[in-house]
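Undergrad: According to TrEMBL, the feature region 'Disordered' maps to 1-43. Residues annotated as compositional bias 'Basic and acidic residues' in TrEMBL: 7-21. Residues or ranges marked as transmembrane segment by TrEMBL: 65-83, 89-108, 120-143, 149-167, 179-196, 202-224.
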C-alpha cells in the first residue's frame, strides 16, 4: 500500500523545525477491495503519534503552572525556617535553569502579543534571578553590597515583574481578564505586605498572597494559551 498524502497537524504559525504531534497517512487499500455498494474502497487513514514530542510540549506548556507555586512555597518555607537555606539555594538554581530552558524552547513562539510580553518579563527577570544566586553563593556580600540586598532584588523582583504582564494579558484576553487583574493586584499587595513588616510571619503572608495570585494567573494563561 503506497502513501498518497501525509498531513502534519502543525498550525500555520508553527516553526518549520517543530515536529508535529501526529502525522496522518492516507493509504490505498489492497488491490481489488471494494465497498459495500460495489465502489472502490476509499483510502485508509492511519494516525501515527510522536509521543516524545507530545511529552515535551506538555511539559513546556504546563511547566510554568507548576514552577510558579513551587517557587513561592519554597520561598515562604525558607522565611519560616521550614525549608533550609541550602535547600532554597538549590531550588533557586534549579528553577533558574528551568526558566532558561523554557525560554529557549519557546523563543520562536513568543514573538508577538501576550507571549512576547511574557518573554520580556522572563528576560528582565534573568538578572534578577542571578542576583538571588549571588546572594546565596556569597553570604558575606560582594563589593560592599550585602547578600540581603541581592536576595531582596530576587524576591521583590519576581513578585513585581509579572504584574504589568498580567495587566496586559487581562486587557488582551476577553475570556478571563479578572484572573489576570487579580494576579497583578496580588503581586503588588503581597510585595508591599512583605516589605512593610520584616517579621517572618508577615513576609511569609505577603509571599503567600503573591503566590496565590500569580498561580491563578498562570493557570488561566495555561488553559488559554
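Cβ coordinates come from backbone N, Cα and C, glycine included.
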Undergrad: Near the transmembrane segment (120-143), which same-chain residues lie under 8 Å Cβ to Cβ, leaving out any that are not at least 6 residues past its ends?
TA: 85, 88-89, 92-93, 96, 99-100, 102-103, 149-151, 153-155, 157-158, 161-162, 164-165
Undergrad: Ranking 65-83, 89-108, 179-196 by Cβ pairs under 8 Å to the transmembrane segment (202-224), which is first?
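TA: By the under-8 Å Cβ criterion, the transmembrane segment (202-224) pairs most with 179-196.
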Undergrad: Counting only CB pairs under 8 A, let me know which of 89-108, 149-167, 179-196 has the most with the transmembrane segment (65-83).
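TA: Per the Cβ count, the answer is 89-108.
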